[in-house]
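Q: Once you've had a glance at the structure underneath, I'll fire off some questions.
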Ligand SMILES: NC(=O)C1=CN([C@@H]2O[C@H](COP(=O)(O)OP(=O)(O)OC[C@H]3O[C@@H](n4cnc5c(N)ncnc54)[C@H](OP(=O)(O)O)[C@@H]3O)[C@@H](O)[C@H]2O)C=CC1
Ligand SMILES: Nc1nc(=O)c2c([nH]1)NC[C@@H]1CN(c3ccc(C(=O)N[C@@H](CCC(=O)O)C(=O)O)cc3)C=[N+]21
């Protein structure tokens, strides 16, 4: 079997189109323009690429983009003061603090200082709790993007076996919550899981969020399964820098029913969902109806 490729790049372009349409309507009918502030501390080159891409796409869908680039030695007090100012700024509806933060900063404290209504990453403890209890939350962008692709490809997910490899707060855990919300039977695997390959072979839906290049090979995949590769790993191969996922694409695609590529899979959907969440936050903050087709 050769797997169907789930084209995240094309899917993300459609999501951005839907966002742009609804942003235009918000402007015409209510005079509102959603605003997203991205805060980057330090000069990690990969982070700068993401922040640049986010800013460009934010403007393309008609929203306001504000970038705050702070020096690597920024104090916690200064960062908290900036977040307090953004919380109080009526033109800003979404705030994203790029992670990881330099080690002298307490990222839990920083994230939890964001107004939960503006927490478009969905990392604030209030949003984590709301998602975990099945209430209306801001949903983390990467898992939201994965869920949108799964729904589009599979339709109803109810009753399917889902295995999420990875238990981070930003990907693995919220992904598992969303799949549980879809009535999947969910297993969360991690570095202590025994016989990971056998656990993964039980999955109708296999989500890899590990951070280990090409670890999930074809022998981890149930024939016909849907494989979502969240991993973004920069490796050297044949003297060139290449981007690969956590899934060994060639061997997995030979067994799977459908698979997301890297690049061009989950990554572009993450940014599209960030824009969707900013629109959602703007609507909620102004007591307007939820955007159509862009929330869980
Ligand atoms: N496409 C996108 O938009 C995004 C991509 N990413 C990418 O996704 C990947 C995961 O990111 P993130 O969740 O932040 O990573 P973390 O490093 O926070 O978590 C990795 C998880 O993988 C588990 N793990 C590590 N090694 C193994 C192993 N050998 N077998 C089984 N499980 C293992 C860890 O287990 P344990 O808890 O036991 O240590 C941990 O739960 C990375 O490649 C990252 O770059 C991240 C965010 C967004
Ligand atoms: N507060 C916070 N929120 C995040 O959502 C967040 C973060 N911090 N820190 C870093 C990770 C990583 N992340 C990616 C987003 C887009 C691509 C993406 O668009 N990738 C392209 C390739 C881009 C390239 O070539 O480098 C693709 O997969 O096709 C990748 C990774 C968001 N993250």
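Here the Cβ of each residue, glycine as well, is placed from N, Cα and C on the backbone.
Whatever TrEMBL says is automated annotation, not expert-curated.
Not my notes, these are from TrEMBL:
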type    : residues           : note
DOMAIN  : 6-121              : domain 'Tetrahydrofolate dehydrogenase/cyclohydrolase catalytic'
DOMAIN  : 140-284            : domain 'Tetrahydrofolate dehydrogenase/cyclohydrolase NAD(P)-binding'
BINDING : 166, 167, 168, 232 : NADP(+) binding site
Q: Average pLDDT across the domain 'Tetrahydrofolate dehydrogenase/cyclohydrolase catalytic' (6-121)?
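A: Across the residues of the domain 'Tetrahydrofolate dehydrogenase/cyclohydrolase catalytic' (6-121) the model's pLDDT averages 96 on the 0 to 100 scale.
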Q: Near ligand 2, which of the binding-site residues show up if the criterion is a Cβ under 6 Å from one of its atoms? Options: 166, 167, 168.
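A: None, as no Cβ falls under 6 Å.
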Q: Quick check on the domain 'Tetrahydrofolate dehydrogenase/cyclohydrolase NAD(P)-binding' (140-284): DSSP residue counts for helix, strand, coil, in that order please.
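A: Split by secondary structure, the domain 'Tetrahydrofolate dehydrogenase/cyclohydrolase NAD(P)-binding' (140-284) comes out as 56 helix, 32 strand, 57 coil.
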